[in-house]
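The annotation domain 'Chitin-binding type R&R' is assigned in Swiss-Prot to 64-134 on the grounds of sequence analysis. What Swiss-Prot lists as repeat '1' is 21-24. Here Swiss-Prot flags 33-36 as repeat '2'. Taken from Swiss-Prot, the feature repeat '3' applies to 41-44. The repeat '4' annotation in Swiss-Prot covers 54-57 and rests on a curator's inference. Among the features that Swiss-Prot reports, repeat '5' is placed at 133-136. Look at Swiss-Prot and you will find 139-142 tagged as repeat '6', backed by a curator's inference. Residues or ranges marked as repeat '7' in Swiss-Prot (evidence: a curator's inference): 150-153.
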């Protein structure tokens, strides 16, 4: 028969009656306790001395600042040639710097700065002490022979076989009987 069909049972003898004891409940235990009295200590009063601000360190101020510096670079290996010197007397700064240009000339910049006229620079060029380096000849680009590339080979394989699985096993279901034998109401 069909596995999902309900089972019909017709026993010949009546089913045995079952007896159950009446439920018994214990009386609830009523336990009430008085709340616990808690004592807290008063907060501790603390006295702090007021913070003392440190006196600012005295900043040294020079009402008439003065300085002077200079440097000179002459590198025969790289051809680097530059100089600078600068001096300050109060609010007036005077200086000059020079450097070698790629064309062999020397650029000289004389500058001054003061509170009345601001920053002023005068630029002039001097003929070079060494000639400019000759331009380097650039080699023509190398033409490479074309590379032959084979066309890709297209090959197709049969599809992979898939694993086969059996159908699920039918499960028996259980439920109450449709009828019981006997005329009991």
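Each residue, glycine too, has its Cβ placed from N, Cα and C.
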**Local confidence of the prediction over the repeat '2' (33-36), expressed as mean pLDDT** = 76
**Prompt:** Residue counts in helix (H, G, I), strand (E, B) and coil for the repeat '7' (150-153), per DSSP?
**Reply:** 0 helix, 0 strand, 4 coil
**Prompt:** When DSSP states are grouped into helix, strand and coil, how many residues of the repeat '4' (54-57) land in each?
**Reply:** 0 helix, 0 strand, 4 coil
